Amino acid sequence: MEQGRRLSWSDLQCLARRKPASSTVRAGAGAAAVGGNGRSLAKALSVPHLMAIGVGSTIGAGIYVLVGTVAREHAGPALTISFLIAGIAAALSALCYAELACRFPSAGSAYHYSYICIGESVAWLIGWALILEYTIGGSSVARGISPNLALFFGGEDKLPFFLAQIHVKWLDTAVDPCAAILVLIVTALLCLGIKESSVVEGVITIANVAIMLFVICAGGWLGFQNGWPGYNVPKGYFPNGASGVFSGSATLFFAYIGFDAVASTAEEVKNPQRDLPWGMCLTLSLCCFLYMMVSVVIVGLVPYYAMDPDTPISSAFAQYGMQWAVYVISSGAVLALIASLIGAILPQPRIVMAMARDGLLPPIFSAVDQRTQVPTLSTILTGICAAILAFFMDVSELAGMVSVGTLLAFTMVAISILIVRYAPPSEMPMEGADPGSLESLASHTDHSEPVVEILEDPFGNVKAPTASEVANMVRRQKAKRCIVLVCFGVIIFASAVSFSSLPL
């Protein structure tokens with residue numbers, strides 16, 4: 001009985017074990033050195049590639065629908081402020097991802113961070129939640145493409161058989177060959193290499209951004225010509241008060257989900273400490289700007305209570321006689337769906353590969369193709385699963401699980417940041433400087449990398465700071481950060497007071 005209890009306690013300890021911070025990177029580097037077991041990914045991504053992946057994954061076709069739904073039901077003309085609040089909340093999550101990606105630049109995203117900071121059991125749960133999230137998200141995006149293509153063929157009844165959804169008697173839902181074909185095409189593209197995939201994603205994203213700029217410019221011209229009738233409404237700028245603005249921002253937060261796909265490519269970035277924060281910050285800044293400008297224009301063209309909840313942007317242009325603009329906007333929706341599909345399938349094989357590296361999946365899935373330097377087997381497996389799901393199943397009933405997986409991943413990333421910052425240095429294996437160096441002492445003091453001041457004696461000779469001087473520098477930097485946070489809080493409080501004092 002004692003031996004059985006010891007085995008049971010040992011099993012429980014294994015569930016809570018954490019891996020060293022740099023174990024995965026060392027494994028990949030060793031594989032690259034010997035060139036035998038093929039476990040290293042290509043270092044091929046820079047800031048433009050990360051922006052292409054991030055913007056393409058974030059800006060989906062939801063923006064073409066959410067504008068009307070949130071404006072009608074929640075925010076009214078104050079939709080722009082709801083987008084801004086949601087963007088700030090997403091930026092805080094993105095900064096958490098950016099810091100962890102800089103400290104632990106390896107494939108796996110939230111799974112990798114949870115394994116290092118929390119434990120194996122939580123990492124296992126997060127890994128499968130992310131796989132479920134990306135699989136269902138990609139399948140649902142793929143099934144939404146064929147209805148948007150129907151406009152160009154004159155209706156769903158005139159679509160070719162390989163693009164239309166086909167109703168089968170013995171199935172409760174229609175099969176969608178178009179969705180399955182597109183998933184398989186994207187899977188083949190991802191097998192060619194990460195740089196080639198990011199270039200194609202960038203071309204599609206540039207076209208999508210150009211269509212959104214067309215909506216902003218053409219809609220702005222119509223607004224100035226007609227006096228912005230959408231803002232001349234009886235209940236004013238805040239028809240539902242501050243509660244409507246905040247409830248609208250809670251819905252719009254999911255329009256920013258997608259930047260975590262950037263973190264999953266951390267191992268393939270040339271300079272992750274520099275490029276990952278820039279990539280995530282520029283991605284969210286561009287997305288927030290486009291969202292806010294589109295909302296300013298569309299809410300100003302049509303009163304919020306008269307918006308079409310299904311096609312708010314195209315119907316707004318149609319009311320001003322610009323029927324041809326409907327085709328342009330529908331093209332943007334199709335391009336946004338294709339870019340989101342690439343962004344949804346891209347992280348899956350990297351998470352599978354990371355779990356296989358750690359022994360939570362068969363090691364065969366950790367193999368990396370020597371020529372393309374991508375996890376080809378994992379990519380093909382996840383692509384086939386997503387294609388089958390998109391072909392046979394109506395994933396709308398399972399779409400709620402995507403939100404659950406995203407919420408779980410974001411929560412674990414935030415907890416990981418707290419552990420990295422405040423756990424004792426002996427319990428949190430950090431990556432980087434030599435344990436006896438001053439940089440290591442500073443990182444153990446504050447779990448960050450402070451800027452060490454260069455000290456000179458009266459004769460101009462440079463001398464290294466002592467341990468007490470480094471600790472003083474860390475305290476000063478912490479005080480500066482506290483002052484910045486206090487000032488930021490005062491600004492937010494003053495802004496809230498000023499908004500609440502406006503006549504509603």
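In case you wondered, yes, glycine gets a Cβ from its N, Cα and C as well.
Values in this document were obtained by computation on a predicted structure and should not be read as measured data.
Copied over from TrEMBL, here are the features:
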- 47-67: transmembrane segment (TRANSMEM)
- 79-98: transmembrane segment (TRANSMEM)
- 110-131: transmembrane segment (TRANSMEM)
- 174-194: transmembrane segment (TRANSMEM)
- 206-224: transmembrane segment (TRANSMEM)
- 244-266: transmembrane segment (TRANSMEM)
- 278-304: transmembrane segment (TRANSMEM)
- 324-346: transmembrane segment (TRANSMEM)
- 374-392: transmembrane segment (TRANSMEM)
- 398-420: transmembrane segment (TRANSMEM)
- 482-502: transmembrane segment (TRANSMEM)
Leading stretch by Cβ pairs under 8 Å, where the reference is the transmembrane segment (206-224) and the options are 79-98, 110-131, 244-266, 324-346: 324-346
Beyond the flanks of the transmembrane segment (244-266) by at least 6 residues, Cβ under 8 Å: 45, 50, 53-54, 56-60, 62-63, 66, 69-71, 73-76, 78-79, 81-83, 85-87, 89-90, 93-94, 97-98, 100-101, 104-110, 194, 238, 272, 276, 279-280, 283-284, 287-288, 291, 340, 343-344, 346-347, 350-351, 403, 406, 409
The transmembrane segment (79-98) in contact with the transmembrane segment (324-346), cutoff 8 A, at least 3 CB pairs, sep 6+: no
Non-local residues, at least 6 beyond the ends, that sit with Cβ under 8 Å of the transmembrane segment (374-392): 41-42, 131, 134-136, 138-140, 142-143, 171, 173, 175-177, 179-180, 183-184, 186-187, 190-194, 345, 348-350, 352-353, 356, 364-368
Positions whose Cβ lies under 8 angstroms from the transmembrane segment (324-346), at least six residues beyond its ends: 53, 55-61, 63-64, 134, 137-138, 141-142, 144-145, 148-149, 151-152, 182-183, 186-187, 189-190, 197, 200-201, 204-205, 207-208, 211-212, 214-215, 218, 258, 261, 264-265, 313-314, 317-318, 379, 382-383, 386
Tertiary contacts of the transmembrane segment (174-194) (same chain, 6+ residues out, Cβ under 8 Å): 41-42, 44-45, 138-139, 142-143, 145-146, 149, 161-168, 200, 265, 268, 338, 341-342, 345-346, 349, 369, 372-374, 376, 379-380, 382-384, 386-388, 390-392, 394
